[in-house]
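Participant: Have a look at this one.
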Amino acid sequence: MTFEEIKKKISGYKDAGRSLFTTSSFQSHSIVMLHIISRIDPEIPVVFINTGYHFPETVRFKDEVSRLFSLNTIDLKPSTPKFMQRDADGRLLFTSDPDHCCYLNKTMPVDTLLRKYDVWINGIRGDQSSVRKRMKVEQEAPHGTIRFHPMLDWTPRMIYQYQKEFDLPRHPLEEQGYMSIGCEPCTRKVDPDMMEREARWYGMSKAECGLHTDLVKN
Ligand code: SF4
C-alpha cells in the first residue's frame with residue numbers, strides 16, 4: 001500500500017469510531033511503518049512488547065525513535081513474573097519451551113490488548129515468512145479485532161528507499177551483524193548464507209513467536 005492508501009484506510013477506521021493501536025519490535029525495517037504512522041497520526045498508541053529479554057540497545061533505540069517521531073509509545077509487560085517462568089529443572093523457559101515463553105511474554109499480553117482495541121495495525125511483510133505470505137491486508141483477530149497489515153506488499157527495496165528518503169535511524173546492532181533482532185536469548189548474528197529470520201530461535205524448530213499464528217483468524 002502507498003502512504004496515501006494507508007492514510008485513507010486509517011482515516012476510514014477513525015471516522016467509523018474504531019480505536020487503533022500498533023505494535024513494534026523497533027528494528028530498522030519496523031521504523032518505516034512507525035514513521036508513516038507518525039506522519040498520519042502520532043497519537044495512535046505504539047505498543048512495545050517488553051518481554052524483559054530485549055537487548056539494552058533495542059530499549060534505548062525504542063526511546064530514541066519515540067522521541068524523534070513524537071510517538072505515543074507504551075511498554076507492554078507480561079503479567080507472569082519471571083520466577084514463575086521456569087521449567088521443571090528450574091531453567092528459564094526460553095531454554096526448553098520457547099513457545100510457552102513467547103506465549104507468556106508476547107501473545108498473552110497482546111491478547112489482552114485485543115479486548116480493548118478495534119484495529120491492530122501490524123507491520124508484517126509477506127516476504128518475511130510463509131506464514132506472513134498467506135496473510136491478507138485486513139484479517140480478523142480474536143475478540144472482534146481487525147488486523148490491518150499495511151506493509152504486506154512492501155519489499156526490502158521499498159523499505160530501503162523509504163529509509164533513505166527520510167534518513168531514518170538504524171538499530172545500533174545492525175552494524176555488528178544482527179539483521180532480525182528480537183529477544184537477546186533467541187537472536188544471533190546472521191551468517192552470509194543465512195536468510196534474515198533464520199537468526200531467530202536458531203537451531204530450534206520455531207519460526208514465529210505466536211503473534212501471527214495464534215492471534216489471527218483465517
Ligand atoms: S523470543 Fe525467546 S526470550 Fe523472547 S519471549 Fe520468545 S522464547 Fe522468550
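Using the three backbone atoms N, Cα and C, a Cβ is placed for every residue, glycine included.
Caution: TrEMBL annotation is automatic and unverified by curators.
Sharing the record's features from TrEMBL:
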- 20-189: domain 'Phosphoadenosine phosphosulphate reductase' (DOMAIN)
- Cys101, Cys102, Cys183, Cys186: [4Fe-4S] cluster binding site (BINDING)
- Cys209: active site, nucleophile (ACT_SITE)
Participant: Count the other Cβ atoms sitting within 10 Å of the Cβ of Cys183 ([4Fe-4S] cluster binding site), across every protein chain shown.
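Facilitator: Cβ-Cβ neighbours of Cys183 ([4Fe-4S] cluster binding site) within 10 Å number 23.
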Participant: What is the Cβ neighbour count of Cys186 ([4Fe-4S] cluster binding site) at a 10 Å cut-off, with all protein chains included?
Facilitator: 20
Participant: Enumerate same-chain residues with a sequence separation of six or more from Cys101 ([4Fe-4S] cluster binding site) and a Cβ-Cβ distance below 8 A; give 'none' if the list is empty.
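Facilitator: The list for Cys101 ([4Fe-4S] cluster binding site) reads Gln85, Leu92, Leu93, Phe94, given in order along the sequence.
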Participant: Whole-number answer please: how many Å between the C-alpha atoms of Cys102 ([4Fe-4S] cluster binding site) and Cys209 (active site, nucleophile)?
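Facilitator: Checking the Cα atoms of Cys102 ([4Fe-4S] cluster binding site) and Cys209 (active site, nucleophile) gives a distance of 6 Å.
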Participant: Quick one: mean pLDDT on the domain 'Phosphoadenosine phosphosulphate reductase' (20-189)?
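Facilitator: Residues in the domain 'Phosphoadenosine phosphosulphate reductase' (20-189) carry a mean pLDDT of 95 in this prediction.
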Participant: To the nearest whole angstrom, state the Cα distance for the pair Cys209 (active site, nucleophile) and Cys186 ([4Fe-4S] cluster binding site).
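Facilitator: Cα-Cα, rounded: 11 Å.
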Participant: Check Cys183 ([4Fe-4S] cluster binding site) against DSSP and tell me helix, strand or coil, would you?
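Facilitator: Assignment for Cys183 ([4Fe-4S] cluster binding site) reads strand.
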